[in-house]
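A short write-up of the structure that comes next.
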Amino acid sequence: MHYLDNLLLNTDSYKASHWLQYPPGTDASFFYVESRGGVYDQTAFFGLQSILKEAINRPVTHADIDDAKALLAAHGEPFNEAGWRDIVDRLGGQLPIRIRAVPEGCVVPTHNVLMTIESTDAKAFWVPSYLETLLLRVWYPVTVATVSWQVKQIVRDFLQRTSDDPEGQLPFKLHDFGARGVSSLGSAALGGAAHLVNFLGTDTLSALLLARAHYHTPVAGYSIPAAEHSTITSWGREREVDAYRNMLTQFARPGAIVAVVSDSYDIYRAIREHWGTTLREEIIASGATVVIRPDSGDPVDVVEQCLLLLDEAFGHQVNGKGYKVLNHVRVIQGDGINPQSLRAILERITAAGYAADNVAFGMGGALLQKVDRDTQKFALKCSAVRVDGAWIDVYKDPITDQGKQSKRGRLTLLRDRATGQYRSALLDEVATHAGDSDDALVTVWENGQMLREWTLEQVRAHADAARL
């Protein structure tokens, strides 16, 4: 077993003491997860299925308990040994909880319930709280999926305005370059898979492995041959054109796409003299599309200038919407890309008369790493407990920050059948609104069993159906 695989130690230290802190007579608890606002006013839900399969799919064992007991005693925390041993002996080590969640891929306005966790055994009412640490990590894939989804809406808008084939172009317009800039292999896999909810382009191989293992998708994303600086500069400055010619020799075939970073020395000279003059006829004869990648400078200015220079060399066609589409070549910008700079680039080239077909984008750290739990203000809170047989509301309402006010009661998420709009509601309200709304939450996990799974294809369909 891996040294991090003990579920009992996949929590915050203080959680080990919480079973002693509830009111006498407590025998059930109810928790929920929401985005309390943030950078974006909608979130694309994704990643819970993977977290559940990774973190709680294995029953708790007495060996786990022995390990946790020894470590927590040395660490300075009390430990509910009797409670955990009862779960192993009486329940076979399966966690007595029910988890309900919005279907993965659904895009839900912030300030709404996204998932709930409730106890199913009176003696183990404290288990949902113990799992907060690992379950709230869903903030990460949800936030990455949300950033990626928001970018997709930006790109879709410009494609619809300037392209003859917006839906055909869209899936490969944002490429994941983030594997090397993320905090861990696991984060690369989970965050990379979250991006693949919205796009098909990625260089994060671990994301393909996660999608294959957890979302029933043999190959979730695609890439193309591409140069890096070392494969160009190793030829030497004087042989730069030979490095580019080698890329054509190795990869340029009819219908193929090959990307070549071209700013190792002078991006503008590379386009004018090498790509646009010396190699021009070779590119045309190859039948391939060569994608030039600038990797420095101001992204907005550099992309526009590259398009202008490539247009001088290769010319363009004017599409049905009156925008220019370059012949034989494209540009991909992967340096300095975030939702704001991406929009600025598209605004600039649109104003210059170029279709969004001409450019693609890569995002690395801004996609997988420059996010945190506060990007969308994620929280997992207790909203109800049952004490002496009666449910009571549980909530916080700090006078120093009204934004941290939590919801109260046993909750769910309703979706209006006519408008598709979501709103959080009490479970008791579901029957009242049965005529006009559906309960949007689905039981995905109960008492050690995964009850509902989504394929990545289904997740993508949910996300693609939503709009800003």
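Yeah, the Cβs are placed from backbone N, Cα and C, and that goes for glycine too.
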Candidate set HIS229, HIS274, HIS433, annotation phosphohistidine, source Swiss-Prot, matching residue: HIS229
In sequence order, the binding-site residues (ASP203, ASP335, ARG373) whose C-alpha falls within 10 A of ARG293 (diphosphate binding site): ASP335
All-chain count of other Cβ atoms within 10 Å of ARG373 (beta-nicotinamide D-ribonucleotide binding site): 15
DSSP-derived class (H/G/I helix, E/B strand, else coil) of ARG293 (diphosphate binding site): strand
Under 8 Å by Cβ from ASP203 (beta-nicotinamide D-ribonucleotide binding site), same chain, sequence gap 6 or more: HIS175, ASP176, PHE177, ALA179, SER223
Inter-residue Cα distance where the pair is ARG180 (diphosphate binding site) and ARG373 (beta-nicotinamide D-ribonucleotide binding site), in Å: 21
Cα distance (Å, whole number) from ASP335 (beta-nicotinamide D-ribonucleotide binding site) to HIS229 (diphosphate binding site): 13
DSSP state at ASP203 (beta-nicotinamide D-ribonucleotide binding site), helix/strand/coil: coil
Per-residue Cβ crowding (10 Å cut-off), top of binding-site residues ARG180, HIS229, ARG293: ARG293
